[in-house]
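Annotated features in TrEMBL:
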DOMAIN    44-332  domain 'Band 3 cytoplasmic'
COMPBIAS  171-181  compositional bias 'Basic and acidic residues'
REGION    171-207  region 'Disordered'
DOMAIN    379-938  domain 'Bicarbonate transporter-like transmembrane'
TRANSMEM  408-430  transmembrane segment
TRANSMEM  442-466  transmembrane segment
TRANSMEM  486-509  transmembrane segment
TRANSMEM  521-539  transmembrane segment
TRANSMEM  623-641  transmembrane segment
TRANSMEM  661-679  transmembrane segment
TRANSMEM  709-728  transmembrane segment
TRANSMEM  749-773  transmembrane segment
TRANSMEM  809-828  transmembrane segment
TRANSMEM  904-921  transmembrane segment
Amino acid sequence: MLCFGKSFENLQVTSSSSLTSSDTPSQRVQFILGNEEDAEHVSHELFTELDEICVKDGKDAEWKETARWLKFEEDVEDGGERWSKPYVATLSLHSLFELRSCIINGSVLLDMRADCIEEIADMVLDHQEASNELDDSVRVRVREALLKRHHHQNEKKKNLIPIVRSITEGARKQSEPHLIGEFDGSATSPQPIQPNEAAKNGAGQDSSQVDLSKVDLHFMKKIPEGAEASNVLVGELDFLERPIVAFVRLSPAVLLTGLTEVPIPTRFLFILLGPDGKAQQYHEIGRSMATIMTDEIFHDVAYKAKDRSDLLAGIDEFLDQVTVLPPGEWDPSIRIEPPKKVPSQEKRKMPGVPNGTVCQEEEELHAEHHGPELQRTGRLFGGLVLDIKRKAPFYWSDFKDGLSLQCVASFLFLYCACMSPVITFGGLLGEATEGRISAIESLFGASMTGVAYSLFAGQPLTILGSTGPVLVFEKILFKFCKDYDLSYLSLRTCIGLWTALLCLLLVATDASSLVCYITRFTEEAFAALICLIFIYEALEKLFHLGELYPYNAYSDLDKLTLAYCKCAEPDNPSNETLEIWNERNITASAVPWANLTVKECISLHGHFAGTACGHHGPYTPDVLFWSAILFFSTFFMSAFLKQFKTSRYFPTKVRSMISDFAVFLTIVFMVLIDFAIGVPSQKLKVPSKFQPTRDDRGWFINPIGRNPWWTALAASIPALLCTILIFMDQQITAVIINRKEHKLLKGCGYHLDLLMVGVMLAVCSIMGLPWFVAATVLSISHVNSLKLESESSAPGEQPRFLGIREQRLTGLVIFLLMGLSVFMTRVLKLIPMPVLYGVFLYMGASSLKGIQFFDRLKLFGMPAKHQPDFIYLRHVPLRKVHLFTVTQLTCLVLLWVIKTSPAAIVFPMMVLALVFIRKVLDLCFSKRELSYLDDLMPEWKKKNLDDASKKTEEVV
């Protein structure tokens, strides 16, 4: 890394400003950028084009476009008649010094007022004549050269394939009418720009027409709104004896027809015309000028410069930041790929920041990771009131913002993803409660709760679902009621009402402010656990299919023709079997065992006999292996299509659409393949009638029923545990969704979320429906499916993450469709379960991305030289990073053991314990280390001091 500011101080031109000659280039640039802006010198985004010309032996020549810059350089390939891939421009240090010399010795014309290229040429040549550098005959020929036609690369394409070009341009004009309207308001024929519009755009009245047939509308989309052009014109003229150099800044910018390949007004021109024989040297100086114009700092200096010395200060500051690569240690012909993320150049505008150092402000300890939403108000329902005030202004936009194709893709994906766990949870609950709460109740409860939550919650991006600890709680409660002869549904209603009341109490006292103690350490341990459980259960369900559809591992292929499987009478029937026969008045000897189907044989407790039989029936390896193919194909195809946005195939809009609809397209494709192949894989089972599973219960439950009256009071004890369970599950997921990395603009509402969960928990309890809280993996998948990225990114520039499409429609439609699923059984029963298991695996795996814990876990197997350049590795010793990771891994293993054990009901308490474990880490790590590895824990003392200072200011 070399700094060149002092090495050529003797060349620096003394400024007429108040700055002294001892000021560094950086200080001079900061002074220039600190000047007040006027209307004529407001910076705009720049598109830079390099055109070259060669006039020899009086032959007719024209300007040819050879390169362009929007952010990165693109060259016209020699003989390829196409644009190169965008790449980071690499410049020779010599060409930069030559450029500096050109600015010193050439003409600098700032704020020139001209309406056409003819006027500009005349003014530049007048300035050259005034310097006694040009005679009349040479002047005429130079003027002719400057006014020659400009040939652009997109015109070659048009001549090569006019039919294809016209078709594609026609399609673009129809799909992008807004682009056409920017120039002439007409999609049929080019119209002249009116004088009043020309004035608005900075164009002169003589800049007659914009011929849209010559405009590449696809590239035009990449150019930011309000951008201006910077034209670099270099070339060799055989009649010149000395170079002609001019730097021109127009005020206002002028639309010069035919000069630039895109119809935007020109602000800057750099002209370098020299004698014959130095074309490559002129080309490199032109590239240097074009590249430096794309630099964020020099770009601003060029707009605000008042004289030549200001431009030189900008070049000197640029040279201060230059990195030199030794010539023998790299290949200059290699094009450097654009980086995924370009660092901010704001530090160059700050005083006292040399090259290669990080601003002290960046190294300050990170502030608390939660916003004002979690500050305790000290008033009853104060937090809830603030949540409502915060969210109310965005309520209408929450619905308008959902009117997007991306939202359609999101709810189609999440609908399929939510259906299976809800029905599966209902089935497991039905087995545990002997059908008192089953699949239809689960569907109805999920639909009703989800719709209400999507309409009125503070963070509608959260998706509600069923959780494992709730199922464990239901099993324990049902067993207790059965042992003591109590009404399960009535006691459950009382517990639910108490839990809802306690949730209301938590909302009233701003208890959600305690969420500020849930840092990244706890978030990631919890999120990683849920993701791993999703992955584990998806694989477990696939292995379970091996029991339903067994295969013969040691079959003799030569004896397949002798294989058979039939039902036979059991040799030693059990007492249970005998009871079933007696109940049905069945005589074993009268049953035609050999003619029974598989289901009939199983229902009569028959015995399967034969070489093609397993324990539970005939071997069906085709079903098992077809299910495995569907499972893994769904996972890999979903992942592949999701990443299709970064593919090199198809236009951007097509790639984005395929990426958005990745999971839905995969499910549709797999359903069609499964239907075409015809292998009887296991299908999704949806209840076909809207009525309670059991006839002895209705849709409303009496809280007392046949239970003693005191059970209504005693229910408050298990309700305490249930409240902790609901609170922790809900709020940890809410914290993950509301992370600052997601760039949410509409705020969050922890108190309002908890209120809605509590209210719907009470409603579900009275109606005898399952309880639903925030589902971590489904919520993360929902957020990931709604990510917004910049569309008009420059060629080579990676799309920037803009935030999340915050709206209520996706959640609302998901749960409305879920409620209507009873009427869509004909379609839903075609979906193979292995496909849904594959979707679960994809959701679990994709949700692991972005979890820092797994990045740190991989460091154990990496040599130091191969470790990624993570920010925490720069500031925290590796042994401390490993210690933090091991602590988190130990907590994750303990959570897994508890979650999968009979003690799963205390799982929320263990998650709560993570907060205290994290507090203990304050003794092992410094605050600076924790600021990089985790979020700093909030300090009450600091808050109290801050509150006191605010009160003091109010009094004053």
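Any Cβ shown, glycine's included, is placed from N, Cα and C.
Long-range contacts of the transmembrane segment (904-921) within the same chain: residues 468-469, 472-473, 476, 517-519, 521-522, 525-526, 721, 724-725, 727-729, 732, 884, 887, 891, 894-895, 898, 930, 934, 937, each at least 6 residues beyond the stretch ends and with a Cβ under 8 Å from a Cβ of the stretch. Ranked by Cβ pairs under 8 Å to the transmembrane segment (709-728), the stretches 408-430, 486-509, 521-539, 661-679, 809-828 are led by 486-509. Listed by sequence, the residues of this chain that lie at least six past the ends of the transmembrane segment (749-773) yet keep a Cβ under 8 A from its Cβ atoms are 373-374, 381, 383-384, 386-388, 390-391, 425-426, 429, 436-437, 441-442, 444-446, 448-450, 452-453, 456-459, 462, 464-467, 470, 474, 489, 492-493, 495-497, 499-500, 503-504, 506-507, 510, 512, 515, 692, 697, 699-701, 703, 726-727, 729-731, 733-734, 738. Against the transmembrane segment (809-828), stretch 442-466 has more CB pairs under 8 A than any other of 408-430, 442-466, 521-539, 623-641.
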